[in-house]
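Trainee: For reference, TrEMBL lists these features for the protein:
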- 9-27: transmembrane segment (TRANSMEM)
- 47-68: transmembrane segment (TRANSMEM)
- 80-103: transmembrane segment (TRANSMEM)
- 115-135: transmembrane segment (TRANSMEM)
- 197-216: transmembrane segment (TRANSMEM)
- 271-297: transmembrane segment (TRANSMEM)
- 303-325: transmembrane segment (TRANSMEM)
- 337-357: transmembrane segment (TRANSMEM)
- 428-446: transmembrane segment (TRANSMEM)
- 497-518: transmembrane segment (TRANSMEM)
Amino acid sequence: MQEPKKPRIYQVNSFLIYVSGALSMWGDRMWHFAISVFLIELYGRNLLLTAVFGLVVAGSVLLLGALIGDWVDRNPRNKVAHASLFIQNISVTVCSIVLMLVFSYKHWIEQIWDGWLTVVCYTVVIILADVANLASTALTIAIQRDWIVVITGYNRGHLAGMNATMRRIDQVTNILAPLAVGQVMTLASNVVGCGFILGWNLVSLIVEFFFLSRVYRIVPALSVKPPVVEEDQAYLILFSENTKSTNKKELKTILAFTCKDGWRAYYRQPVFLAGMGLAFLYTTVLGFDCITTGYAYTQGISGSLLSLLMGVSAITGLMGTVMFTRLRKTYGLVNTGIISSCLHLGCLLLCVSSVFAPGSPMDLSLLMPYITSNSSSELGGMAGQRQKHTYPLRGGSNQPLLPDRSSIHWTNNTVLFDNVPSGAAPESYISIILLFLGVITARIGLWSFDLTVTQLLQENICESERGVVNGVQSSMNYLMDLLHFIMVISAPQPQHFGILVIISVLFITTGHTMYFMYAHKTKRKHRLDT
């Protein structure tokens, strides 16, 4: 059946949302890339501050996701969007100013308070960056999970088109924004880079504020918001009437109740299994993040080739968004998720094959906690025989996936190293070829599946709970993402990477199994209803 023609007012609104979203995503990608580099430069080219920042960001969303979503639900849409936009951009602006001062007067700052002023500056930078990320999360929930549903008039075809377009914009900015700010920082300096980001955020704040305000005025439905329906409504009303007399203990109780109620709301959603399935896909090393690219670098893959592979992966991601719109139109949303899941899992079988293929450095003996000297000598001969499928790593066979000190060039989620010797050419490239062939092709099914679950959440969550449920979904995503870093910390050597691949595929399979269960329940319910 042919989709109805899009009215002109819808085209205007969608254009304004696209431009606003592009500016926001570009700023986010630049900032996420730059803050990692800045923290490394500030701490003597050490990854400690970057790791602390990542832990703080993930922990904050994990703990506060439900509260952020509840705040989105309880307040008018224009106030939520404007407040989130203002807090995000001002936090980045102030953080950029602090970084400019630290970079310009670092030696002088280090001499004050026996160096404690430096610690204060680091703390302020991380807190401001974390606040900016929380505000960005709120803005994403508000615009991409709520506004566009209302703007499309709950038309599923239009909604799918807007979701796919927003994801394409995200894919493009994910590649281009870090390259742009990286060139500024390389050709000029970190101070100039901070100034560039500062200027971008101020301009972006004005443009986004104007565009979102215009959309809010054009679409009257955005000003209408249903009341939040809760089991303990009377308790919350009593709290709101006695806010001035509420002490800290009572406030903590309210916050705990809000979090608990948010997770309960998430659990009782009909799309709970689909959302959980998507979250499980975050526990993986099979993506173009610093872990996988760091592993590839230890296996003799050059930085230029990694950049090329990252570009190809972006193209396959865009192909996934195109496939999603066509599959949804032909087979329906639920079946699109099933097809995407099968495609994703099928491609990841290539990654599993790479673990056992010639050229794989996997060595299970390295996981043994204790090896006696006698058995070590015996195992040494066996390991020497296994080396016919591996190759020496300069700097030692226990070289970690990410060196702690190096000259580092970050490209958002990808990290490239200078002055750090990569591994010698292996006897066979079959393993690494299979790995990246699987990772790259799997992105088609991955992004199509991601868009499927996103739209299922948009269509099936009641309007009064959209914010809190999507806030909990963000918390789940961050929780599962943290697990994959814990996996790497537990098995950090390149010889362990095959184990991480297998564990990742098991998590992904579990996630897709959850979706299959959801699809089965949905289809059975549909048959009973008809």
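Each Cβ is built from the backbone N, Cα and C atoms, and glycine gets one as well.
Note: TrEMBL annotation is automatic and uncurated.
Values in this document were obtained by computation on a predicted structure and should not be read as measured data.
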Trainee: State, in range form, which of 47-68, 80-103, 197-216, 303-325, 337-357 has the highest count of Cβ pairs under 8 Å to the transmembrane segment (271-297).
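Mentor: Stretch with the highest Cβ contact count: 303-325.
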Trainee: Spell out yes or no: are there three or more C-beta pairs under 8 angstroms between the transmembrane segment (47-68) and the transmembrane segment (303-325), with each pair 6 or more apart in sequence?
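Mentor: By the criterion, they do not touch.
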Trainee: The transmembrane segment (197-216) vs the transmembrane segment (428-446): three or more C-beta pairs under 8 Å (separation of 6 or more)?
Mentor: no
Trainee: Could you pull out which residues elsewhere in the chain have a CB under 8 Å from any CB of the transmembrane segment (80-103), counting only those six or more residues past its ends?
Mentor: 24, 27, 31, 35, 38, 41-42, 71-72, 109, 118, 121, 124-125, 128-129, 131-132, 135-136, 138-139, 142-143, 147, 189-191, 194-195, 197-198, 201-202, 204-205, 208-209, 212-213, 216
